[in-house]
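Features of the protein shown, as given by TrEMBL:
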- 33-49: transmembrane segment (TRANSMEM)
- 56-73: transmembrane segment (TRANSMEM)
- 79-98: transmembrane segment (TRANSMEM)
- 118-138: transmembrane segment (TRANSMEM)
- 200-216: transmembrane segment (TRANSMEM)
- 223-241: transmembrane segment (TRANSMEM)
- 261-279: transmembrane segment (TRANSMEM)
């Protein structure tokens with residue numbers, strides 16, 4: 001459980017004050033620097049405060065630094081210069097590590113490591129610059145020596161202390177309990193042996209392998225703690241005049257501050273080894289976990305694909321993977337196939353046939369190399385089951401290559417498609433039979449159309465002759481007619497006209513079906529066509545109680561097409577509306593040019609009535625030849641069922657469409673849409 005932020009901040013501040021005082025007091029009295037002042041703790045305090053509150057920490061750090069350095073015996077102006085440098089360092093480190101982040105900055109990836117190095121290097125540079133400027137301004141020490149000592153000390157402090165306050169890799173200890181005990185024991189024994197004697201040659205390097213061992217095998221925080229403990233002991237021993245670094249200034253007649261520079265360099269070296277190794281181990285563990293997860297996922301998929309045979313081999317073709325799907329489809333167990341050549345799954349005949357199909361050499365290796373090409377994915381290959389039955393598989397073969405491009409094996413995925421191919425063959429046979437039947441029906445339809453056309457032509461001549469004689473009889477050319485005779489003659493004439501109209505419709509429909517109807521193409525005013533069609537149908541409602549209206553635009557509606565055929569459209573639609581509208585109803589004809597915006601203008605011819613309507617389920621059949629609505633049949637309304645079929649054919653030949661909206665017992669709207 002983490003402590004309250006205020007408690008953590010207070011604790012860090014107390015550590016900063018105490019360690020700052022100890023650092024200054026442990027520095028050589030005749031030196032010009034302040035030992036390894038804990039600037040890393042100051043940066044940690046800013047990090048703990050967070051990005052928004054870090055600026056408020058900087059003045060506190062400034063005050064603590066100035067007071068601890070001044071209290072340690074350094075002149076106030078020197079303490080002020082060093083303190084300002086420490087405060088600026090703290091601000092720089094916080095800015096680098098907290099930029100764009102909330103909470104503690106991470107130290108888990110190479111990018112995090114680069115940012116960590118940048119922050120520590122920038123801090124060391126600021127410390128060196130502040131030391132040099134302070135020395136130059138106050139005359140306290142040599143600027144170059146002070147810059148070197150402060151830069152090294154502050155860099156080491158940041159490198160060793162900052163990781164404790166960053167988000168480290170979250171892996172546990174790789175080492176066993178025995179190895180951990182041995183590693184810690186070796187560190188605890190060797191560190192005093194290295195840093196306590198002052199007469200032996202320097203053996204400080206001997207501790208570094210132990211720290212690297214810990215970075216590779218221990219938990220990250222544990223490895224850092226081991227490094228910190230080692231460095232703490234080294235600082236204590238060196239400050240007490242013991243160890244390999246304490247006697248260097250006297251032995252080589254160097255500045256007393258050299259001792260601190262060497263100690264800081266040693267601490268920085270340890271951190272530069274431990275921290276990157278710790279991060280690399282963390283990355284390796286994360287990658288290993290992801291790889292295991294992916295491997296398990298792939299294995300689950302492979303094992304779960306019971307309908308697909310997945311077979312893996314080494315470069316020589318020896319089986320290394322044989323999934324449950326392969327066991328089910330081929331009859332072999334995985335144990336039987338492991339290490340055997342995949343060649344046993346194919347007969348020589350199948351290999352030769354495939355080689356001929358692919359145009360390659362007739363041997364197994366050549367066929368494998370050719371099938372592995374991407375363009376042959378999904379190729380069909382015959383597989384031999386353990387029971388000797390040969391089955392056709394849809395197969396894809398892929399090469400597996402390593403980072404250097406070397407082939408390390410092959411993976412084959414295949415699916416048994418034998419039954420599908422048989423079903424496909426049966427389907428092809430059925431389709432062929434159906435095509436023959438359809439062609440026969442078309443022949444019958446063409447024969448029917450030819451018959452209808454021929455009969456219609458043959459009927460038209462005698463009907464025309466009959467109508468001629470009827471006119472002569474009606475005119476009294478063969479004598480006066482009695483009233484009953486005149487009535488009978490009118491009925492015969494009306495039915496003859498109706499029969500002639502039906503013959504004309506059959507002939508027109510036949511020509512439309514055969515695409516033999518030649519349409520004229522000339523410009524005209526559609527208003528005149530609608531007006532003329534309206535006039536043709538007018539006698540049909542003269543003696544009925546119908547409200548029939550015509551709406552035409554004031555401007556000409558120019559159109560290029562067949563005038564007579566479009567007039568026939570008007571006559572058919574208006575005639576149907578009048579025929580199917582009961583007494584007291586209304587019929588409306590309207591011609592207009594509709595503006596469709598970006599799509600451009602369109603001509604609309606609407607014929608609306610309040611008649612009996614059309615059932616919704618019959619609307620789709622309305623334009624079929626000889627179709628008549630069930631309501632028309634129930635109410636015995638005469639008609640051939642050809643008018644609307646002819647109407648739609650004429651409209652479509654003019655590049656238009658016809659729409660229908662209808663409600664039973666409420667009426668119908670036919671809308672003809674033609675290109676403007």
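Cβ from N, Cα, C; glycine included.
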## Note on the structure
Tertiary contacts of the transmembrane segment (261-279), defined by C-beta under 8 angstroms and 6+ residue spacing from its ends, are 36, 107-110, 112-113, 116, 148-149, 152-153, 155-157, 159-160, 163, 168-169, 204, 207-208, 211-212, 214-216, 220, 223-224, 227, 230-231, 234-235, 238, 245, 248
### Task
Can you tell me which of 33-49, 56-73, 200-216 gets the most C-beta pairs within less than 8 Å of the transmembrane segment (79-98)?
56-73
### Task
Take the transmembrane segment (118-138) and find every residue of the same chain, 6 or more past its ends, with a Cβ under 8 Å from one of its Cβ atoms.
32-33, 39, 43, 75, 77-78, 81-82, 84-86, 88-89, 92-93, 96-97, 144, 146-155, 158-159, 162
### Query
Other than its close neighbours in sequence, what residues sit by the transmembrane segment (33-49), given a CB gap under 8 Å and a spacing of at least six beyond its ends?
5, 8-9, 12-13, 15-16, 19-20, 23-24, 26-27, 56-58, 60-61, 64-65, 68-69, 72, 74, 82, 86, 89-91, 93-94, 97-98, 104-105, 119, 123, 127, 131, 141, 146, 149-150, 153-154, 156-162, 164-166, 235, 239, 257, 260, 263-264, 267
